[in-house]
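What follows is a set of notes on a single structure, which appears directly below.
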């Protein structure tokens, strides 16, 4: 458990132009302008965005491993680990299902594909062939087996080779190894204390490295957004603007109404939480990857009063099991294709669609283009909706990717606070102070003597 130290002097106010969120906003605007006016040159800047995401992925595995191991090893009762995990999974299952239902309901109300009268036979199926092929690998058994790495080192380096290169760390495999190691460290008691002390000492330089890497965020966001606008162009949104607009509006309502209500019931404001995470959200927007802000999210949730052990379990797990934005997209896009191709779906078909989407969305953890691939996997199992219809949304999927990532990110932030509250592992005074824009007291490492704040006693 983290202990509050007396607050030291507040840091000097940082000029707005040196704050990360302002720099990312400027980078996104400049990248969009460059992509619009110089598309050919803008497309060549894709490596800037790719390089930044690779830098972040480089540090994700150590952050998750250190946070989880030190958190679990510091718990006095190991049954707490199972209880936290069980509560998190119950939350994920309920809200993932709710997100799927919301997408389904909105598709029926808005009817984004009605009147298009598309003949599936006239569509270019080759455009989505690669996604359909990838979707065949997404099975429940395969997903569960993939959680277990071939070796301890393999979880951090990646066991699979794609196009002659290792895939990189697998979040679920790192989580699996970290939980086992943390439990083992707790079971050996005092003999494991030197190892625990070493790992706790490593946390400070690792998170300092995260801060250093985040300074490159504006460059990564600039390159990623310039490439997107340069390659696809804003014009590609026009024909399918109704679908894109429906998805953005649905995601916004899900965050403000459903997550907002959950937040209110747990004693905090989702709008204040969004403001607190504005720099990370802008980074997600620029890179179209919620993974790019994972280390910062874990650090900020801990700073906001959530216990490190809860943060370490909920956030990485949520990145695979709590994909609210992806779930909304899957049912909304599936019904859009059905409406556009005049495909009638019975209630039974739609229930089957929900069930398959729930499973396939979990099987796409860590897969590039996960939203589109899981949609292909879902449609492949529900044959009533033509898979060829995915060609209709291929051109605008990239623009919906940002919204998926933002909604997923906010959903995991809310989940972390909620599960912490359920587990009595939330310093509510600290959370209120942070969300109101205040500077919280410094946090002492696990095991350092001190007095727990009132809201944790």
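Cβ atoms here come from the backbone N, Cα and C positions, even for glycine.
Lifted from Swiss-Prot, the feature list:
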TRANSMEM  22-42  transmembrane segment
TRANSMEM  55-75  transmembrane segment
TRANSMEM  90-110  transmembrane segment
TRANSMEM  138-158  transmembrane segment
TRANSMEM  168-188  transmembrane segment
TRANSMEM  209-229  transmembrane segment
TRANSMEM  242-262  transmembrane segment
Field: Among the ranges 22-42, 55-75, 242-262, the one whose Cβ pairs under 8 Å to the transmembrane segment (168-188) are most numerous
entry: 55-75
Tertiary contacts of the transmembrane segment (90-110), as residues 6+ beyond its ends and Cβ separation under 8 Å: 242, 246, 250, 253-254, 258, 317-318, 321-325, 327-332, 334-336, 339, 350, 353-354, 357-358, 361, 411, 415, 418-419
Query: Where else in the chain does the transmembrane segment (209-229) make close Cβ contacts, counting only residues six or more beyond its ends and a cut-off under 8 Å?
result: 20, 23-24, 26-28, 30-32, 34-36, 39, 42-43, 45-53, 55-56, 59, 63, 282-283, 285-288, 292, 295-296, 299, 398-399
Message: Should anything in the same chain at least six residues away from the transmembrane segment (242-262) have a Cβ under 8 Å from its Cβ atoms, list it; otherwise answer none.
response: 95, 98-99, 102-103, 106-107, 110, 112-113, 269-271, 274, 324-325, 328-329, 332-333, 336, 393, 396, 399-400, 403-404, 406-407, 410-411, 414, 418
